[in-house]
Amino acid sequence: MNIKTVYYLLTSSRSFCIQIVFTLNAIYYVSQAGLNPLQLVLLGTVMELAILFFEIPTGLVADIFGRKKSIIIGTFIIGSAHLLEGSIPSFWAIAIGAALWGIGWTFISGAETAWIADELENKELDTTLLNGAKFSSLGSFLGIIVSVLIGIIFTVQIAILLAGGFLILIAIISSKVIPETKFISIARDDTSSIKQMKGALKESLSLIKGNTILLGLAAITLFTGLASEGFDRLWGAHFIEGFQMNEEDAVNWFGAFYAIAFLLNICLLKIVETYVKERFAIVLVLLNSLLVVAMIYFAIAEQFVIAAILYWGIASLRAVNYPLVNVMTNKQLHSQGRATTLSMYGQLDAFGQVAGGPLVGVIALYTSVQGGIFTSALLIIPTLYFLWKLRKIA
């Protein structure tokens, strides 16, 4: 099987399963587990803290023992997390599941990109990553449809359990079909594992500090994380509270929000893939400028239709941001130590989310949900400065 086909099948099938859970978990948490608003927020904090603490260690695992092994372990852990939360509808079980999910994701985040970059030897990497994002969006879109069908025919809980089981099946199949022919371990026979990890960490830090593009991308990743968590937690509340949506309307509209957003993501990614071949930084300046404006207007929107259109625009702009930054980052990295360096960026993003979420939450608590979203928009502005500084070299 073609290596790109394996990559697309892997990313899309995993996104399909995860989206089944993400579409329905809010309903499960509230209606079956009976979680209060504070507990709902704490779930996000637990997950991001797990990502923050495990991102670099799991990146080192991928660089020393292999990216394929890391991907399989991560997928298995995420599947187990969903089986746990779906089996026991209580806060502690779901919180442990959230922590496991975060740990599982850190095994995948840097390793998967490092794996495909190595196998392709960086050839056609930008096109492949953008296509991968499109296939992931398609998988997620199908996941929305299937989650609703399972929820209607059976229950929300069964949908979560089935998704967890399928993820474990994907991990097992991946162990048989994923090739790994270009991996070069950073391990040395005459050095202990701890020393190897410390050495890899120092080399990755030196690489980032000595590279203007990587240093700028590190700052961009941090501020993106600061802005993202607050918006992710508040956009739904803005619709429900701001437009007095009842539970039935919320379920229907949120399905539409996700479904249309994913379709728009695919279209926008296709446009970017076709027309954006270089000068990624200046393209990101334009996209993020639009994102800031859209988020500000979304925060103050008083008409439902306008707010919905703005949300879809925001979701699409955010979706195309990641693969472009990913391409810029990977173009600066060599095979050895790639996963560790990428994991550092994942840790920066998690740190930003852990810090930014409570900050925006407190502002929203003492002002309004709209005030929190407005603050999230302002936190994106520093990324424009760093992207502008990189415009001539990236």
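Heads up, residue numbers simply count up from 1 along the chain you see.
Here the Cβ of each residue, glycine as well, is placed from N, Cα and C on the backbone.
No curator has checked TrEMBL annotations; they are predicted automatically.
Quick look at what TrEMBL annotates:
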type     : residues : note
DOMAIN   : 1-394    : domain 'Major facilitator superfamily (MFS) profile'
TRANSMEM : 7-28     : transmembrane segment
TRANSMEM : 40-65    : transmembrane segment
TRANSMEM : 86-108   : transmembrane segment
TRANSMEM : 140-173  : transmembrane segment
TRANSMEM : 212-231  : transmembrane segment
TRANSMEM : 251-268  : transmembrane segment
TRANSMEM : 280-300  : transmembrane segment
TRANSMEM : 306-327  : transmembrane segment
TRANSMEM : 348-366  : transmembrane segment
TRANSMEM : 372-388  : transmembrane segment
TODO: Taking the transmembrane segment (251-268) as the first stretch and the transmembrane segment (140-173) as the second, find out whether 3 or more Cβ pairs fall under 8 Å, excluding pairs closer than 6 in sequence.
DONE: yes
Task: Considering the transmembrane segment (306-327), which listed stretch of 7-28, 212-231, 348-366, 372-388 counts the most C-beta pairs under 8 Å - done: 212-231
Open item on the list: Using a cut-off of under 8 Å between C-beta atoms, tell me which stretch among 7-28, 140-173, 348-366 contacts the transmembrane segment (86-108) the most.
Closed with: 140-173
Task: Among the ranges 7-28, 140-173, 212-231, 280-300, the one whose Cβ pairs under 8 Å to the transmembrane segment (348-366) are most numerous - done: 212-231
Open item on the list: Suppose you look only at the domain 'Major facilitator superfamily (MFS) profile' (1-394); what would the mean pLDDT be?
Closed with: 84
- [ ] Go through the chain and flag residues at least 6 beyond the ends of the transmembrane segment (212-231) whose CB is under 8 A from any CB in it; none is fine as an answer.
- [x] 44, 48, 295, 314, 318, 321, 325, 328-329, 332, 341, 344-345, 348-357, 359-361, 364, 372-373, 375-377, 379-380, 382-383, 386-387, 389-390, 393-394
